[in-house]
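Peer 1: According to TrEMBL, the feature L-glutamate binding site maps to Arg41. Summarising the annotation, TrEMBL assigns pyridoxal 5'-phosphate binding site to Ala75, Ser76, Trp99, Thr147, Asp166, Gln189, Asn231, Thr232. Residues or ranges marked as domain 'Aminotransferase class V' by TrEMBL: 5-314. Marked as N6-(pyridoxal phosphate)lysine by TrEMBL: Lys190.
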Amino acid sequence: MKKHNFSAGPSILPDFTIKNTAEAVVNFAGTGLSVMEVSHRDKEFMAVMDQATTLFKELLDIPSGYQVVFLGGGASMQFCMVPYNLLNKKAAYLNTGTWASKAIKEAKFFGDVVEVGSSKDENYSYIPKGYTIPADADYFHITTNNTIFGTEIREDLDVNVPLVADMSSDIFSRPIDVSKYGIIYGGAQKNLAPSGVAFAIVKEDILGKTDRPIPTMLNYKTHIDNDSMFNTPPVLPVFSALQTLIWLKDQGGVAAMEKRNIRKANMLYSEIERNKLFKATVKHEEDRSVMNICFVMNEEYKELETAFREYAISLG
Ligand code: PMP
């Protein structure tokens, strides 16, 4: 029997995705070859990339003027691609956790980084509020779901500069108003596909505003102009991503996912509240992630941690 995996990522994928990927590993689209053995320029794979891009746009209701690209290098590569392509002088970042800090570190290679707010003082257990974004910042970067600390920004912020969001661990978990963002990016290995592919939703008119020469592979324009086929894309993860997108549509899309996620999160949070063994780590309810529900054993039951873990393992 399949086991549960409560880890934030890489995480559980739909059976539909696993089964169809397993079949395509053996015989892809009736070609008599594995998806790992065909050319990415064969019409069968071109159709996969095309359909994945189209469904991605459809499911998130992405307006015109935006392009979706699939890239290698994970979300971590986006930490440097974003400033490489957008940062002229100054960028604003919200420091909400490990991944936000890593994004900040990379941006500093390209210009001034203003940390407009940080929750580091309290082990990232809340989302900073009431900060001011300098009007001359080239963009403002947020991490919508802080995978490790279990906080989430669940509204599409209205800000005075282009908004860039790392949505690695909450993409497709709720409807989003893409028009409020300049770039949304993430690794796919949480909600979409196995690791190996990242996605970026890019508003085309925010590109081309820096004088800095950008190496070909790190330039969003290269991948937009070549429909994610400038070089050999990660074909297997893209194939799997397509399966998840088909499944998502069949389930009712992101609105249905949001309902399902809220129901699951409420179930966990209310048990954590009720059960004296446990304590949620995020201070304010409104900051709590619907994606990864972080909790610890209460101080007086700390010594039961191993026993609890073993009990959970014994139940799969
Ligand atoms: N951002 C967030 C929010 C993440 O959760 C992760 C991975 N856990 C990353 C970035 C890094 O992703 P990758 O491993 O794809 O570089």
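Even glycines carry a Cβ here, placed using N, Cα and C.
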Peer 1: Highest CB neighbour count within 10 A among the binding-site residues Ser76, Thr147, Gln189, Asn231?
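Peer 2: The residue with the densest Cβ neighbourhood is Thr147.
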Peer 1: What is the number of other Cβ atoms found within 10 Å of the Cβ of the residue listed as 'N6-(pyridoxal phosphate)lysine'?
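Peer 2: The answer is 27 other Cβ atoms.
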Peer 1: Once the chains shown are all counted, how many other Cβ atoms turn up within 10 Å of the Cβ of Asp166 (pyridoxal 5'-phosphate binding site)?
Peer 2: 28
Peer 1: Among Ala75, Ser76, Trp99, Thr147, Asp166, Gln189, Asn231, Thr232, the annotated pyridoxal 5'-phosphate contacts, find the widest CA pair distance and round it to a whole Å.
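Peer 2: Across Ala75, Ser76, Trp99, Thr147, Asp166, Gln189, Asn231, Thr232, the widest Cα separation comes out at 30 Å.
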Peer 1: When a 10 Å sphere is centred on the Cβ of Trp99 (pyridoxal 5'-phosphate binding site), how many other Cβ atoms does it contain?
Peer 2: 21
Peer 1: Please report the Cα separation of Arg41 (L-glutamate binding site) and Lys190 (N6-(pyridoxal phosphate)lysine) in Å, rounded to an integer.
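Peer 2: Cα to Cα, Arg41 (L-glutamate binding site) and Lys190 (N6-(pyridoxal phosphate)lysine) are separated by 27 Å.
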Peer 1: Return the count of C-beta atoms lying within 10 angstroms of the C-beta of Thr232 (pyridoxal 5'-phosphate binding site), excluding that atom itself.
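Peer 2: 10, counting other Cβ atoms within 10 Å of Thr232 (pyridoxal 5'-phosphate binding site).
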Peer 1: Same chain only, sequence gap of 6 or more: which residues have a CB within under 8 Å of the CB of Ala75 (pyridoxal 5'-phosphate binding site)?
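Peer 2: The answer is Trp99, Asp166, Ser168, Tyr185, Gly186, Gly187, Ala198.
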Peer 1: Tell me, by DSSP, whether the residue listed as 'N6-(pyridoxal phosphate)lysine' is helix, strand or coil?
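Peer 2: For the residue listed as 'N6-(pyridoxal phosphate)lysine' - judged by DSSP and reduced to three states - the answer is coil.
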Peer 1: How far is it from Thr232 (pyridoxal 5'-phosphate binding site) to Lys190 (N6-(pyridoxal phosphate)lysine), counting Cα to Cα, in Å?
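Peer 2: Between the alpha carbons of Thr232 (pyridoxal 5'-phosphate binding site) and Lys190 (N6-(pyridoxal phosphate)lysine) there are 23 Å.
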Peer 1: In whole Å, how far is Asn231 (pyridoxal 5'-phosphate binding site) from Lys190 (N6-(pyridoxal phosphate)lysine) when you measure between their Cα atoms?
Peer 2: 24
Peer 1: Please work out the number of neighbouring Cβ atoms within 10 Å of the Cβ of Arg41 (L-glutamate binding site), leaving out its own Cβ.
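Peer 2: Looking across every protein chain shown, the total is 9.
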